[in-house]
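**Q** Before I ask anything, here is the structure I am working with.
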Amino acid sequence: MHLLLNTLRPYAWGSTTAIAQLLGRAPSGGPEAELWIGAHPDSPSRVRGEGEREDTALDELISRDPEAALGAESVAAFGPRLPYLLKVLAAERPLSLQVHPTLAQAQAGFAAEEASGVERGAPHRNYKDDNHKPEMIFALSRFEALCGFRSPGDAAARFELLTALLAGQEAAEVTEQVAELLRGPDEGEAIRGAFARLLTGGSQVRSAVQAAAGAIEGSGTDDAALLTVAALARDYPEDPGVLVSLLLNRITLEPGEALSLGAGNVHAYLSGLGIEVMASSDNVLRGGLTPKHVDVPELLRTVAFESIPVPIVRPDESALGQELYRPGFAEFQLQRIHVPAVEAGLDAPRPEPVPVAQAGAAVVLVVDGSLTLDTPKGDLVLSRGEAAFVPDVEAPALAHPGDGGVLAFAVTTGLATKLG
């Protein structure tokens with residue numbers, strides 16, 4: 001096992017305090033949007049060197065003996081790399097509207113951009129690698145998001161309500177056109193038409209965003225979708241993505257709830273603190289709420305134009321603190337380990353150790369209390385804010401909670417799971 005040193009990403013939308021408060025340390029003074037825990041080549045965790053030895057990047061450590069680190073089954077399925085990335089995410093402001101490609105789309109898009117000579121760091125590059133990027137977010141606080149398309153009828157009703165608020169203004173022409181498109185006979189074409197109309201509407205749509213925000217703020221409405229438009233316009237004035245939000249499900253996750261995000265699902269995180277797990281990829285196609293590159297033709301090829309129920313992930317529960325969130329992606333699953341503090345008194349029973357779900361390598365993060373990871377090859381104490389990498393060769397692992405209890409998260413692949 002290896003204690004990990006992890007990297008903060010200071011994106012402008014990040015909270016200045018939430019991650020620091022969660023992990024029990026002083027804030028850095030700037031935005032702290034994400035803490036990356038894993039072997040992604042952009043910001044790999046580092047393994048602390050012993051004595052005078054230098055720290056080692058986790059991806060380098062894995063490359064020395066992939067089968068020992070990851071397991072033969074994981075290497076066969078995903079190659080000699082850790083297939084997932086764990087993040088602590090703290091959004092103070094909304095993130096961009098975005099969608100992730102399927103594996104086939106990512107492979108084809110990456111190959112095409114490589115062949116055409118687009119620099120991998122170019123701002124207009126769409127595919128940074130050849131992998132897909134399914135995700136899951138687990139809420140640690142109240143967490144607000146947009147996720148997946150509403151039914152066309154529901155979305156049309158919102159645009160019709162907005163049209164009424166804009167009566168007599170030029171902007172009403174845009175919202176009326178979108179509502180009419182959404183009333184079309186074919187669901188997929190209706191959603192696609194409305195989505196494309198907003199993203200390709202140029203100055204007319206940009207002006208409509210500002211007009212819509214003003215009309216909503218002066219209306220006294222309590223409609224959550226319309227209030228979201230007004231809130232987004234404060235951060236992203238004149239951005240077409242503000243009106244695109246009306247096409248999407250508006251979601252509030254309570255602490256302990258999780259949401260899965262598969263390929264083709266247009267989504268945006270709005271605010272909150274959570275544990276995010278994903279396949280290890282950088283492939284993001286943006287659709288608004290951003291000053292960054294938006295490739296509308298490629299976006300239209302990638303988005304799944306269908307209304308979906310909100311993809312909430314329910315945990316599988318079993319004894320001894322086993323709570324497994326399995327969103328159905330082969331690359332990862334998430335285990336929540338929660339054991340309360342030991343009651344005072346000499347006769348108070350010790351809590352049972354919790355088996356760590358492991359299929360290949362595991363990454364364990366403690367967010368409250370402490371635990372001792374125990375494997376056939378040794379043990380490692382983790383306190384609040386600390387994380388560890390457990391190689392496949394060291395499985396099975398048991399998590400022994402400290403007297404003060406523990407709240408921890410363990411990530412492993414979604415392949416057949418072995419329990420400690």
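Quick reminder: no glycine exception, Cβ is built from N, Cα and C everywhere.
If you look up TrEMBL, you'll see 4-150 marked as domain 'Phosphomannose isomerase type I catalytic'. Summarising the annotation, TrEMBL assigns Zn(2+) binding site to Q98, H100, E135, H267. Under the heading active site, TrEMBL lists R286.
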**Q** Only counting partners 6 or more residues apart, tell me which same-chain residues put their Cβ under 8 Å from the Cβ of R286 (active site).
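**A** In sequence order, the residues whose Cβ lies under 8 Å from that of R286 (active site) (at least 6 apart) are S96, L97, Q98, K292, H293, V294, L299.
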**Q** Mind looking up the mean pLDDT for the domain 'Phosphomannose isomerase type I catalytic' (4-150) in the predicted model?
**A** 96
**Q** Helix, strand, coil residue numbers for the domain 'Phosphomannose isomerase type I catalytic' (4-150) per DSSP?
**A** 38 helix, 40 strand, 69 coil
**Q** Determine which residues of this chain, when Q98, H100, E135, H267 are set aside, have a Cβ within 8 Å of the centroid of the Zn(2+) site's Cβ atoms, and list them as they appear in the sequence.
**A** V99, K133, L261, N265, V266, V284
